Amino acid sequence: MAASTASHRPIKGILKNKTSAASPPVVPSAEQPRPIVEEELSKKSQKWDEMNILATYHPADKDYGLMKIDEPNTPYHNMIGDDEDAYSDSEGNEVMTPDILAKKLAAAEGSEPKYRTREQESSGEEDNDLSPEEREKKRQFEMKRKLHYNEGLNIKLARQLISKDLHDDDEDEEMAETADGDSMNVEESSQGSTTSDHLQHKSQSS
């Protein structure tokens with residue numbers, strides 16, 4: 001009998017239920033009137049005004065921490081200058097051969113880079129504001145900087161001079177050897193002629 005009474009009683013939880021302490025014992029749902037159930041549901045649940053939520057939390061102008069960049073794209077400028085054709089690669093679909101490349105390099109070698117000419121133009125304007133000591137320091141600095149940046153050119157020139165000197169030395173040695181060889185040939189021929197003269201004198205005298 002204890003088993004049958006235990007099956008009809010609801011299982012009690014550890015936590016106290018506020019409604020169970022104040023309300024009368026639980027009556028099966030068939031005996032309860034309907035309005036009480038709706039009343040309990042309205043107390044426990046909330047009604048959401050979805051249009052109000054959309055208007056409040058999702059306005060059209062809200063960016064949610066994301067930035068919109070309204071800048072135009074950075075423009076790309078081709079090289080601007082007088083000798084654009086010397087540096088441009090837009091001569092049709094012309095194939096770059098070593099001869100053409102050598103001609104272009106030779107044409108570009110004599111001209112000074114554009115950034116250096118711009119630096120020189122701008123430095124002339126700045127010199128007017130400096131004292132004589134500062135001008136002298138700046139002049140020395142620029143001179144040292146030019147020497148440093150032109151060091152590669154100086155190395156090329158030094159190599160050319162060294163190779164030219166070596167080539168000249170080789171030619172001098174060859175000329176000295178040929179001169180020595182010629183003098184030896186002259187001596188041999190003169191010795192040969194003297195011996196032939198002696199032989200002729202001997203043959204005539206005998």
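Glycine is treated like the rest: Cβ placed from N, Cα and C.
Note that the structure is predicted; figures quoted are calculated from it, not measured.
The feature region 'Disordered' is assigned by Swiss-Prot to 1-36 (among others).
The annotation region 'Required for binding PPP1CC' is assigned in Swiss-Prot to 12-17. With DSSP classes pooled into helix, strand and coil, the tally for the region 'Required for binding PPP1CC' (12-17) is 0 helix, 0 strand, 6 coil.
Ser45 (phosphoserine) carries neither a helix nor a strand DSSP state and counts as coil. Per Swiss-Prot, the feature phosphoserine maps to Ser45 (among others).
Here Swiss-Prot flags 75-143 (among others) as region 'Disordered'.
Look at Swiss-Prot and you will find 81-92 (among others) tagged as compositional bias 'Acidic residues'.
For Ser88 (among others), the entry in Swiss-Prot reads phosphoserine.
Sequence annotations record features per position, and here Swiss-Prot assigns phosphoserine to Ser90 (among others) based on a large-scale study or a structure entry.
The annotation compositional bias 'Basic and acidic residues' is assigned in Swiss-Prot to 111-121 (among others).
For 122-131 (among others), the entry in Swiss-Prot reads compositional bias 'Acidic residues'.
Annotation source Swiss-Prot lists phosphoserine at Ser122 (among others).
Annotation comment: Swiss-Prot describes Ser123 (among others) as phosphoserine, evidence class a large-scale study or a structure entry.
What Swiss-Prot records for Ser131 (among others) is phosphoserine, and it gives a large-scale study or a structure entry as the kind of evidence. Spatially close to Ser131 (phosphoserine) yet at least six residues away along the chain is no residue at all, judged by Cβ distances under 8 angstroms. DSSP classifies Ser131 (phosphoserine) as coil under the three-state reduction.
The annotation compositional bias 'Basic and acidic residues' is assigned in Swiss-Prot to 132-143 (among others).
The region 'Disordered' annotation in Swiss-Prot covers 164-206 (among others).
Swiss-Prot lists 168-180 (among others) with the feature compositional bias 'Acidic residues'.
According to Swiss-Prot, the compositional bias 'Polar residues' annotation covers 186-206.
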Secondary structure tally of the compositional bias 'Acidic residues' (168-180) (DSSP, helix then strand then coil): 13 helix, 0 strand, 0 coil
